């Protein structure tokens with residue numbers, strides 16, 4: 001299925017402008033918001049593979065949950081993510097994500113369209129019995145870990161866009177503690193199973209450093 005949609009993904013880095021001394025620090029990196037969380041301690045025991053559980057099964061269950069939770073959070077602020085306000089899929093200054101279609105054609109699309117493509121693609125994969133088997137006796141494909149990495153690549157882009165472009169709406173809805181905790185869980189799981197590439201976390205590195213310092217990530 002992934003070959004049909006072919007969104008292994010690519011990001012283009014725009015030239016970065018020098019940050020002025022008066023530049024405003026993003027809300028999600030500012031006190032007290034960056035420390036808001038509903039979880040005390042870290043996620044180590046939560047993300048570890050339980051005894052007697054197949055690793056692919058564990059990956060599948062968690063991908064399903066992350067997809068649903070991220071979709072839910074994005075849905076709560078999607079009215080503010082419009083073609084006019086978000087004409088490209090960005091994650092702060094210098095980061096813009098480009099869409100690759102089934103013909104491997106790269107194009108710039110508005111953030112809401114990009115995120116809709118991502119969510120539809122993941123839903124299609126989850127519903128595909130040959131990729132996410134649910135029937136007894138069916139095995140996961142050998143390429144399943146690769147598929148999960150591709151999903152994580154796209155989901156962290158959704159996280160990055162929401163943090164950089166719509167975190168003020170999360171604050172207005174008093175959801176920042178839950179959203180920060182979901183992000184910490186997602187990153188901790190990604191680290192535990194080596195699902196995130198270094199280049200994919202760059203737009204979120206500062207927040208991850210803060211969470212590492214606070215001991216919430218594992």
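Each Cβ is built from the backbone N, Cα and C atoms, and glycine gets one as well.
Look at TrEMBL and you will find 81, 86, 161, 166 tagged as Zn(2+) binding site. There are 25 other Cβ atoms within 10 Å of the Cβ belonging to residue 161 (Zn(2+) binding site).
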Revision key, fill the gap. Residues sitting within 8 A of the centre of the 81, 86, 161, 166 CB atoms (Zn(2+) site), not counting those, run 77, 80, 85, 111, 112, 115, 162, 165
Check your understanding: Counting every protein chain present, what is the number of Cβ atoms, excluding its own, within 10 Å of the Cβ of residue 166 (Zn(2+) binding site)?
Key -> 22
Check your understanding: Within the chain of residue 81 (Zn(2+) binding site), which residues six or more apart in sequence place their C-beta under 8 angstroms from its C-beta?
Key -> 74, 111, 112, 115, 161, 165, 166
